Amino acid sequence: MPSPEHPSWLSTLLADTRPPPKLFAWSPANLDSPTAVKPDRADRGDFDPGKYPVDAPITTASEPVKRIYIVGPGNVGRLYASYMSRQRDALPITLVVHRKELLSQWVTSEGVVLADRGGKVTKNKQFDVEWWTESRPRYGPVREVADGEKLHNVFISTKADAGLGEADRLRRYLGRCSSVVFAQNGVSKLWAPYGPLYVASRYHADDAPSFSACVVNHGISAAGLFYSIHTSPSDAFIGPIFKGSAAPAHGQNKRRRLDDDFFTTYISSTPFLDTKHVSSGQLWIIQLEKLVLNAAINPLTTLLRCKTGQLFASYDSHDALTRVLDQLLWQASAVIQALINHDANIDMLTSYAETVHRLVPGSDDYGRNFANIRRKLTVRFSQPILKAKLYAFGLNIREHRSSMLQDAEAGRKTEIRDVNGWIVDMAEYLGLDLDVGIHRGLIELIEECVVLDKEELARRLL
C-alpha cells in the first residue's frame, strides 16, 4: 500500500533527479523527405537544411505569450482545439503530437475534423503541429521548445497515466508565467497533500506554475486520424488545483492575478462547450462524482462491448447488470464518504465550504456549519444519489462509446488503473477495511481483455 508521504507515482517521478531535458520542437519542415512537405507560410521558405543557422530561433508562434499548446490532441484535445479556434480573436494553437510519423500524416490529412451527431462536419488545418523530443532534427530549422523560453498556456489531454509525467518532462519550460490545464479522466494526482510535495520538489518557491483541471462530460468518439465525432454534447468544468505561489515584483500584483486567470478564463469562454469556471473545492467534488460515473460506465461498456445506454436498459433489481451496478456504487460510495470525512482533505473541503456556502473563517458558527456541510456531502455521495446521477448521465450520452471501450477495441492500454484503481488505492490509504472487491475484479477483467455477457459478468464479480 502506498504511504501518504510517498505514493508510487511520486516516488517514480522524484527518483529521476536529472535536470529536465532540452526538447526540440520538430515540425513537418524537419521530416527526412523535404519534398513531402510544402511550406504553408512564406517565412518558412524551402526546407533545405543548409539554409538555417544551427539553433536559430525560427518561431512559428505569433504572440508567443498567448499561444496555446495542446499536448496530446486526441478526442478531447481535438474538441477544444476545434471550438477554441472559432472564438472571436482566437489565439494561435499548436498541436503537440507524441509520434514523429504524425507530422507527415498531418501534412496529408484534412486537419482537425469534427463532426456533430447531425452530420455537420467542420475541418480546420489552421494549426501548427509539433513533436517535442530530445532528438535534434537533421533537416530544416532547429528550434527548441518555446525557443528556449517559457510556455504560457498548456492544455494536456493525454491519457490520465501520462499527464503528470508529460508536465514533469516539460518543467524546463514551465514557470510562474505558466498555466497548465489537465483535461483527463480520473482524480488529479496534484491535490493536497501530494501536489504541494511534488511542486516543492520540482520548482523554486517563487517560480511554480499554476495547475488546473478540466472535467469534460461531452461524449466524443474517434472516427479516424485527427477526426472525432461529438456524439453527446454536454458540459465541462474547469478550476484550479494548485496556484503558483510566486511573489510578484513590486507593482505587478494586478498583472499577476490577470495572468493567473487568463488561460482558464479563455477556455471557459470557448463557444458551444459550456465550460463552467469553478473553485478548487467545487472542482474536487466534481472530479469525485465524475470518477464514480467513469468507474461504472467505462469498464462495463468495455467488457460488454456496448454503447453507454445499454447499461441502463433495466431498473429491475434482479437483473444481473443492475446487481453489478448496485454493488459497484455501494463500494465507491463508502470509499468517497470515508474520504470526505478524513482530515487529509481539509483544504479542499474548506475551499468548497467558503466558496459554495460562503462560510466565513473564524466566525462563531463556522465549526458547526462546516460539520453540517460535511454531512451534506456525505449524503451527496450516498449510493442512491450516485445511482440516480449515473442513470441520468448515462442515458444522456446513451449513444456514446466510452473512451475505455474505444481504447480496448484499438488495442491500446486503458485507464482502468486511474479510474477503478484510484478507488482501490484510496480504500487502502484510508485503512478502514473497505470492500472494493468489485473494482478489483473489474481491473483484472479489463487487463485480461475478456468480453462477457451480463450474466457471466455478474457471476465473475458478485
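Every residue number used here counts from 1 along the chain in the order it is shown.
In case you wondered, yes, glycine gets a Cβ from its N, Cα and C as well.
Quick caveat, the model's predicted, so the values are computed rather than measured.
Lifted from Swiss-Prot, the feature list:
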ACT_SITE  Lys290  active site, proton donor
BINDING   Gly72, Pro73, Gly74, Asn75, Val76, Gly77, Glu415  NADP(+) binding site
BINDING   Asn294, Asn298, Ser403  substrate binding site
COMPBIAS  38-49  compositional bias 'Basic and acidic residues'
REGION    34-55  region 'Disordered'
MOTIF     167-184  motif 'Calmoduling-binding'
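Where Swiss-Prot records a feature, it is marked here on the structure.
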| residue | record | CB count, 10 Å |
| --- | --- | --- |
| Gly72 | NADP(+) binding site | 20 |
| Pro73 | NADP(+) binding site | 27 |
| Gly74 | NADP(+) binding site | 19 |
| Asn75 | NADP(+) binding site | 23 |
| Val76 | NADP(+) binding site | 24 |
| Gly77 | NADP(+) binding site | 24 |
| Lys290 | active site, proton donor | 19 |
| Asn294 | substrate binding site | 22 |
| Ser403 | substrate binding site | 26 |
| Glu415 | NADP(+) binding site | 24 |
Residues near Asn298 (substrate binding site) in space but at least six apart in sequence (CB under 8 A): Asn185, Ser402, Ser403, Met404, Leu405, Thr414, Glu415, Ile416, Val419
Structural state census, the motif 'Calmoduling-binding' (167-184) (DSSP three-state): 6 helix, 4 strand, 8 coil
Substrate site shell beyond Asn294, Asn298, Ser403, criterion: Cβ within 8 Å of Cβ centroid: Asn185, Ile297, Pro299, Ser402, Met404, Glu415, Val419
Greatest inter-residue Cα distance in Å for the substrate-binding set Asn294, Asn298, Ser403: 9
